[in-house]
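Listed in TrEMBL:
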- B:5-195: domain 'Electron transfer flavoprotein alpha/beta-subunit N-terminal' (DOMAIN)
- B:ARG211, B:236-237, B:250-254, B:267-274, B:ASN288: FAD binding site (BINDING)
Amino acid sequence: MNLYVILKRTFDTEEKISISNGEISHDSAEYIINPYDEYAIEEAITLRDAHGGEVTVVTVGTEESEKELRTALAMGADKAVLIDTEELDSTDQYTTSAVLAEFFKDKEYDLILGGNVAIDNGSGQVGPRLAELLGIPQVTTITKIEVNGTDVFIERDVEGDVEKIETSLPLLVTAQQGLNEPRYPSLPGIMKAKKKPLETLEIDDLDIDEEDVEAKTKTVEVFMPPKKEAGKILSGELNDQVKELVSLLRSEAKVI
Amino acid sequence: MSKKVLVLGEVRDGELRNVSFEAVAAAKEISSGGEVIAVLCGEGLNEAGKALIHYGADRVVLAEHSLLSNYSTDGYVQALLQVIDQEKPDGLVLGHTALGKDLSPRLAARLKSGLISDVTSLEQAGENVVFTRPIYSGKAFEKKVITDGLVFVTIRPNNITPLEIDESRSGDVSAFAVDVKDLRTVVKDVVRKASTGVDLSEAKIIVAGGRGVKSQDGFKPLQELADVLGAAVGASRGACDADYCDYSLQIGQTGKVVTPDLYIACGISGAIQHLAGMSNSKVIVAINKDPEASIFSVADYGIVGDLFEVVPLLTEEFKNVLVKS
């Protein structure tokens, strides 16, 4: 099977966010593979081990994303591709999916996997957009996948319910938490990863006109949510605290 | 400039979801005096269509087809493209629900348009409508505009106020013949897991448990409190990782991001990843044994105590006052 994983480098979930010069401050932040993309990588490796074939991880970003690609190779992916879009002025999900579609145009793929959402921008658009541009079906937020020849059986999370789906390859899926438990790269894995192929493509290497991938949206402001004032810690007998709380929720907060 | 804006209404278990009324309100704002057309897909949708008129839609288009009674990506893409081709709207609003998240990027790709997902508020600014949305799971916010073409957004449930229902509003509700075929993904079965039927993303009240619940059984008192309040039950990652509950309940940076009117955190320490998923709730109550727990830093009201003592007392007290009122 030809398996591809689209992944994104994101801020570590432990990071506090701050803003400088109207943008999210990137200084000294720790970066990781987007957690949902890790599920996708793990699933791709498992499927390859069961059915044979190759796992290629692809990211659209800057050269700094090499680190996350190496991590994916250390987990067990076979090849990595970095599409460097540093030179593009304005990018959004329209751009990213258009660039990826151009990359996939002449590739042979059976299954493309990604996370269902990236924890930084949180729009969850690139996977389904790419599926549409490639003209293949999609199943989002999957928690289980079985492949039998070209038949695919999937379970997906729909707001807590489980949908059981039948479809076929070629296909794009996006991973939901619960799909698997991503492995940590092993030491031998890390050593091997250094020798695995990592190809870097510039926009000029793809058949892309910059104007055709120009963003359709623009961020005009970034701001922090208003700081919450310190709340009220109740005191006294537990029974009285509970009574006071219920009364406050009704009369002061008016939410009950 | 007034615009023509399309809204996709979402019906679940025969009922329109609240987010559909919220989407009509958002569409009204975007249209700035233009026309709001609601679209419904499926069968037997007349009543739901009328409800959308009562909530402010000017006109309703019913895309009726047996293959649309259950959601499928292909079916809905086909149906909506046909409606869009007919109506040629300037704007499109969907709920940021499981359906909206699956469908909207696919439609945007087909329409070669931008898409602003997960919008929590919107405002007019000159010619533009500016949309606010959370980033970094609510640790920050951004304001965005569509710079080219269709104004296409999904709105987060529970954030935009629907218009007041007015049953004297009238408008045309008419069927639209759609051609739907060749669905490439087939739903064979749906296993209901959400026990109370109250969806986390749309719940007005959420009772959430963390490591402090200690076991699967530990969620029982939380469920009892939730039942009394008509609330949904959620959990922290700690509780899910410890296998006290299903991952579908997880609230946080991974997991669901929620903004209910009332969030009751029981035995949740308040790791930054959890706070990212719930700190924008309107009112937060924290119940925790540890007075130093960081959940208290975002709480409006806190009780320092054992959740297994506090929660049952709270359930009883709510029962008492809610029966009286």
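Each residue's number is its place along the chain shown, starting with 1.
Here the Cβ of each residue, glycine as well, is placed from N, Cα and C on the backbone.
Please treat TrEMBL annotations as automatic predictions, because they have not gone through curation.
Since the structure is predicted, the reported quantities are computational estimates derived from the model, not experimental observations.
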**Complete:** For the binding-site residues B:GLN250, B:GLN253, B:ILE268, proximity to chain A (Cβ under 8 Å) holds for B:GLN250, B:GLN253
**Item:** Site of maximum Cβ density within 10 Å, from binding-site residues B:ILE268, B:ALA271
**Value:** B:ILE268
**Integer mean pLDDT for the domain 'Electron transfer flavoprotein alpha/beta-subunit N-terminal' (B:5-195)** = 95
**Prompt:** Where does B:ALA271 (FAD binding site) sit in DSSP terms: helix, strand, or coil?
**Reply:** coil
**Prompt:** Which of the three DSSP-derived classes (helix, strand, coil) applies to B:GLN253 (FAD binding site)?
**Reply:** coil
**Prompt:** What number of additional C-beta atoms lies within 10 angstroms of the C-beta atom of B:HIS274 (FAD binding site)?
**Reply:** 28
**Fill in**
For B:GLN253 (FAD binding site), the number of neighbouring Cβ atoms whose distance to its own Cβ is within 10 Å equals 25
**Asked** What are the non-local neighbours of B:ARG211 (FAD binding site), defined as same-chain residues 6+ apart in sequence with CB under 8 A from its CB?
**Response** B:SER236, B:GLY238, B:ALA239, B:ALA242, B:GLY267, B:ILE268, B:SER269
**Prompt:** Taking the Cβ of B:GLN250 (FAD binding site) as centre, how many other Cβ atoms lie within 10 Å?
**Reply:** 26
